[in-house]
Amino acid sequence: MNTNDAKEYLARRDIPQLFESLLNGLMCSKPEDPIEYLETCLQKVKELGGCDKVKWDTFVSQEKKTLPPLNGGQSRRSFLRNVMPENSNFPYRRYDRLPPIHQFSIESDTDLSETAELIEEYEVFDPTRPRPKIILVIGGPGSGKGTQSLKIAERYGFQYISVGELLRKKIHSASSNRKWSLIAKIITNGELAPQETTITEIKQKLMQIPDEEGIVIDGFPRDVAQALSFEDQICTPDLVVFLACANQRLKERLQKRAEQQGRPDDNLKATQRRLVNFKQNAAPLVKYFQEKGLIVTFDADRDEDAVFHDISVAVDSKLFPNKEAPMDSSDLDPSMMFDAGEIIDTGSDYDNQDDDQLNVFGEDTEGGFMEDLRKCKIIFLMGGPGSGKGTQCEKLAEKYGFTHLSTGELLRQELTSESERSKLIRDIMERGDLVPSGVVLELLKEAMVASLGNTKGFLIDGYPREVKQGEEFGRRIGDPHLVICMDCSADTMTNRLLQRSQSSQRGEDGAKSIAKRLEAYHRASIPVVTYYERKTQLRKVNAEGTPEQVFLQLCTAIDSVF
């Protein structure tokens, strides 16, 4: 093969155009692994239909397309001159000047027809009117974004927008359009739709509903670049709801949805790719919104009604903080403010954590710590207020080398911090609502992990308060090895608490609080006791005697198990 044959082959196969596109992508993206990057690009070339479908900016991300040409635009021409055949009659395409950017028509149910460029210049919201509240709902594929978004919209009378559905409808209605045919291939392969196209569709939809008081947007943004574009072209959201769910659970839900609905992007290959994209993008996206104080994280690996209850509490707190509180916060006892069975992960202060440690899937970021935690001795010590739990826990912890954890104390400690979680708890309590038990469970888990290596076990006082709390503890951490119920009459507990209240000068307020707490305890404790009796983990101890007598009974119960 002579030189001209080689040049003719390169030109006929559009190899210069392919190489230029790959080089531009490498220079703009600067990947850590260029080999893997090139393999991914070549796979996309196949999916697009060959080298002739590739343009100079095919592998340049949207936000990087404004770079000036190298060497005044001459490098491209010199590159082509060196590889093109010398025969002037050879029919090759010249690219001395880039072709014009086509303006794609945007169609809608209201027969709106404008170019993408004009859409970008529009003010989405009327500046003379109050802007609607914007809630973004994000999470992995299959995390329940659509379900929860619809519930939020229905509860608050907001408009619901599914970005995925917007794109699917557009693809269906514009199937003959080359641009949307390419986007359909991208989505079917599990990749993200082009950023500017997606933003344009969202803006168009928002302009069709100017009178809404609030809007819930499901499935956007997917990465930080999209978040920045949304804020730049539309607005800063009022709240971002992040649904964290275990990776395996996401796969199971997607498989089930594929069987039921047959969505093209729920095929196995696309599902795997979407999960990879989510894992790569979620941590920095969550951290970005967290630094702006906009995001609340929820454990979505639960019943959808329980998840929605927690979301409602957060939305009320963040967007409607002026609702009248049923009780004054000074009347509230933090240890009694747990809402059994309702679990919320409000997130943590991630400022001091690496991105790869962020719990974006609802999985245990402590890794091996959780396995060690499940091997530890765990004892629940139940008893009403005034039964002597606190006193006995201190003595037992000293004797056996256990770590004593009080759920009420953990909650009070959290309230003294300045974390986003503490602010949410304080808002909930000031309104007189129940603190979701997921908050308490997360506090317990954090405290237990922090004590690993320095303890022989955990003695947990005041938990669980209802059966669902115990079930959730068992699922996420592990079942206790022993549950001790300190059996004490209401009269004895009342007398002890009254003596304590007199020493602290609480007077009649103390008496009112005592009656309320005892009533709540008796109402909740019976099913819990029955639950652990059936699991043969329960030991009852008579707590009517002196502290010494009760302590001996407790030691006997513990020694019989360990």
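Every residue, even glycine, has its Cβ placed from backbone N, Cα and C.
Per Swiss-Prot, ATP 1 is bound by G142, S143, G144, K145, G146, T147; the candidate from R178, R222, R257 named for the same site is R257. Among the candidates G457, G470, G474, G545, the one that Swiss-Prot lists alongside G386, S387, G388, K389, G390, T391, R500 as binding ATP 2 is G545. Annotated range for region 'NMP 2' in Swiss-Prot, selecting from 16-45, 76-105, 406-435: 406-435. For the region 'Adenylate kinase 2' (377-559), the mean pLDDT of the prediction comes to 84. If you take the Cα of K145 (ATP 1 binding site) and the Cα of S387 (ATP 2 binding site), they are about 45 angstrom apart, rounded to a whole number. Ranking the binding-site residues S387, K389, R500 by the distance of their Cα atoms from the Cα of Q226 (AMP 1 binding site) places K389 first.
Residue counts for the region 'NMP 2' (406-435) under DSSP, split into helix (H, G, I), strand (E, B) and coil, are 20 helix, 2 strand, 8 coil.
The Cβ centroid of G142, S143, G144, K145, G146, T147, R257 marks the ATP 1 site; residues of that chain outside this set whose Cβ lies within 8 Å of it are G139, P141, Q148, L243, R253, A300, given in sequence order. Across the structure, K389 (ATP 2 binding site) and Y463 (AMP 2 binding site) are spaced 11 Å apart at their Cα atoms. V435 (AMP 2 binding site) sits 34 Å from G545 (ATP 2 binding site), taking the C-alpha atoms as the reference points. Take the binding-site residues K145, R168, R274: by the count of other Cβ atoms within 10 Å of each Cβ, the lowest one is R168.
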